[in-house]
Structures are given as C-alpha cells and as structure tokens.
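A short write-up of the structure that comes next.
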Amino acid sequence: MEVDMRIVMIGSGYVGLVSGTCFADFGHEVVCVDKDQRKIDALNEGIMPIYEPGLEQLVAKNVAEGRLKFTTELESAAPFADAVFIAVGTPSRRGDGHADLSYVYAAAKEIGQLIRPGAVVVTKSTVPVGTGDEVERIIRSVRDDFEFYVASNPEFLREGAAIDDFQRPDRVVIGVNEPEAAHVLNEIYRPVTTNSAPMLQMARRASELTKYAANAFLATKICFINEISDLCERVGADVGDVALGIGMDKRIGSSFLNAGPGYGGSCFPKDTLALLKTAQDHDASLRIVEAVVAVNDSRKRGMGRKVVHAMGGDVHGKSVALLGLTFKADTDDMRDSPSLAIVQTLQDAGISVRAYDPEGMANARTMMTEVTFCEDPYDAMTGTDCAVIATEWAAFRALDLQRTKDLLKEPLMVDLRNVYSRAEMEGHGFRYHAVGH
Ligand code: UGA
C-alpha cells in the first residue's frame, strides 16, 4: 500500500502534534511547524510540550525513522506539501465568546504565498461554519494563478487517549467541495479507513458544523446525567444504576454517562459558547445548548458548596485536601477545570486548600492563588478536615484508606468522581459523600 503523502501541519499544539505524529506513523512524510521557537527546539530534543500518554515514544520513533520533522520555517516545507493542515488554536474571543479565528486566517494568508498547484489546505482546528469559505477567499486573494482546494477535517480525539482515538477513530469526517480534495484526504486516511473506520464525506459547511454538534451533544449528555444525579440524591437512587439502565439502550449508549463535577477542558466550554454565537449570527435558537452552558457553570460552583455542606456548613478556618486539579485524568490540562471553581468557592467560605495532582501542578500554580501545593495525596491530606477527589486519576483509586483516615482530622471524604463505593468507605469508618447516590 502506497501512503506516502507529504503533509505540513501548522500548529504543534495538542491536535497538531498528535495528528502530525500519527500521520507520520501511517507512513506519510510530515513536517510540523510552529512559530514558537522554544517549543520546536524542545520537540527536536524529544521534549513534549504537553503530557499525553504514549506521545513521546511515538514522536521519537517517527523522528528516528525520518518521517517526522519539526521546524519554525513554513517556507521550507509548504511548497512540497500535498496537504497543508491548519491546526492552530481557536480560543474563545475575549468579551463575546466567538471563536477567535485570527490564527487560522493568519496561517491561511501565509500559506497562500507558499503552496504548490493542486495542494489541499485542510482546517483541522475547530472552526465555525463558513471558515473554510473565508480561508479560501484569503488564499485566493494572494494566489489566483492556479488551482488549490480548501477542505475541512475536524478532529474528535480526546486528551489522555489522543493517540488511540486518532489511530482507531469511530469515523473520519471530511468536508470537501471538490473531488480532488477528497482524493488526497482519502489517501492520507487510507491506513485507518482500511481498518474499518468509516470515512464520511460531506460538504465543507456540514463538516464544520458536525464538530460543534458532536461536542455540544456530548456536553448535553454529561449535563443530563449530572442533573439526574442530583435527583438521585434527593430520592435515594444510585445514578450509576440509572446510567447503566439507560445506557444499555443502544439509542442512548452507555458512554459519557459518568456523573461528576461538570465538564471542563479546552473544548466543550469553548465550543458550546462558539456554537451559540453561530446560532445567534444566523437567527437560530439553540435553547438546549444555552441551558447546558448555564447548568454546567452553576454545577462547578455547586460542587464547592457540596463540600462546604458535607463539612457541616460551619467551615471558616477549616482545611480541605483537594486530590486532582486537572479537568480529567491523564492530562496536565487545567483549562476550565471544575477544580478552579471549587477552590474559589472553598476559599470564599474561609477554607484553606492543600492540593495535589500527578501532572497538573505546574499549570495549576499559574492559575490558583493561596493554595498549598503538596508532594503527594498523603501530604495533601495531612491535618485537613476533609478529602475531596476532584479528578479520577488512577493514583487516587487505590489510596491506603487506613493511612488516609489517620492523616485526616475527620474521616470525611467527598468523592466527586465516584471513584470509591459507599460500602467500602463506610466499612473503613469514613463519612462518605459521592455524586448521585
Ligand atoms: C472532547 C471530546 O470528547 C473529543 O471528542 C473532542 O475531540 C475534544 O473534546 C475536542 O474538541 O478537541 P476532551 O475535552 O479531551 O475531548 O475530554 P473528554 O474526555 O471528552 O472530557 C470532557 C469533560 O467531560 C471532562 O471534564 C470530563 O471529566 C467530563 N466528563 C466526560 C464527564 O463528566 N462525564 C463523562 O461521562 C465524560
């Protein structure tokens, strides 16, 4: 099977770095480009800018085999590329929640001068409907002497499981308006689509919207089970049973039904807001998504109040050990993490916080004030009035419960990820508060 396409990946952040590395592993020749010289220097020394299981080894393998390179010089790589992927950030624009497309458009302008005839420019960044049209217009404004194609190829990988998700996707979505672009993308993805992942080809706008609809739907599923979990607590039911009971219906599906402290991360919060802006711009209403955003925002603060309540309400001067800071396990990402709102709520109530996270502490130090960062979970719990599990790291699933009890002033645990069972914790003499049971 011949799969040696030449690919340039603009942006070596989460999506760009993982996608570029996996494309190289498929057998393509990949150059990852980033403007950040320090990031590129580090990557060339084998140092990853993010924590992602398996990434370092996969980068090393493909660099050693000569298929993967890192550079700041777009002009040396772009003229040879069959496909140029744009995988730069699309953060929430300050003030209005729209996706900030300035990096995408700047990349489009730059590559317009550099691409070869017939090249396909692909937006892999999460971009609002119509961005492909604008990218095409920008490139055409500097490049009207030959044909090129603009396609959309949204990425559905999750942090922490990024490589596996990329190599074994449920589906690959490509948004193409010309058969030439479809041909190049089909070749690039042949190694996964021959392994039975369906390749869904659709118009560019539908592909752009698919990405936002997928994230908004998943965010809705989480908010739905979180609200059901609140009701479970009131009526004396276990949300785990209810999730199992509904999830086995194939129309509902059992994944993404874990009740918890609300969704965070770099995608769901930003993408739900951007989707609402798109709807507003087009005089459409997405009232369900509006509700999801509001429900999730209030849930994060609500989790802090849940801890205060578990501690008996009279909490001024007390202390909490917060185990887990990142928005989920297996990442160092702190963006929009529920722990940020939880810490704020606890501090507002006069509680001091000792915290530990296996990978997130460096980022947390830049985002949290007056928190004592500790060596390990036991150091964090020493002398505190309550332990709170905020992220489902494996390291917190097997705590030495006797030692935990001895270190805490009170045998009180609030488990916001339902890592432990009530029977186990109460058996060890803890007062145990979970989510949804
Ligand atoms: C999410 C999507 O799952 C990916 O498909 C998508 O590609 C990505 O956004 C993106 O747009 O780039 P990610 O943000 O890495 O991926 O993390 P998820 O595993 O989806 O978790 C998101 C949040 O939902 C976390 O805070 C997690 O704790 C929470 N969650 C997830 C729950 O509370 N319950 C669940 O059952 C699942």
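In case you wondered, yes, glycine gets a Cβ from its N, Cα and C as well.
Note that TrEMBL annotation is computational and uncurated.
Per TrEMBL, the substrate site holds Phe156, Leu157, Arg158, Glu159, Phe256, Leu257, Asn258, Ala259, Gly260, Gly264, Lys328; the candidate it also names there, chosen from Lys109, Lys211, Lys405, is Lys211. TrEMBL annotates Asp34, Lys39, Thr90, Glu159, Lys270, Arg335 as NAD(+)-binding residues; of Thr123, Thr126, Thr369, the candidate listed for that same site is Thr126. The NAD(+)-binding residues named in the record, Asp34, Lys39, Thr90, Thr126, Glu159, Lys270, Arg335, extend over a maximum Cα to Cα distance of 24 Å. Once Cβ contacts within 10 Å are tallied over all protein chains shown, the binding-site residues Arg158, Arg335 are led by Arg335. Here Gly264 (substrate binding site) comes close to Lys300, Phe327, Lys328, Arg335, Asp336, Ser337, Pro338: these same-chain residues lie at least six apart in sequence, with C-beta atoms under 8 angstroms from its C-beta. Among the binding-site residues listed (Asp34, Gly264, Lys270, Arg335), Gly264 have a CB atom closer than 6 Å to some atom of ligand 1, in sequence order. DSSP labels the residues of the domain 'UDP-glucose/GDP-mannose dehydrogenase C-terminal' (321-422) in these numbers: 34 helix, 19 strand, 49 coil.
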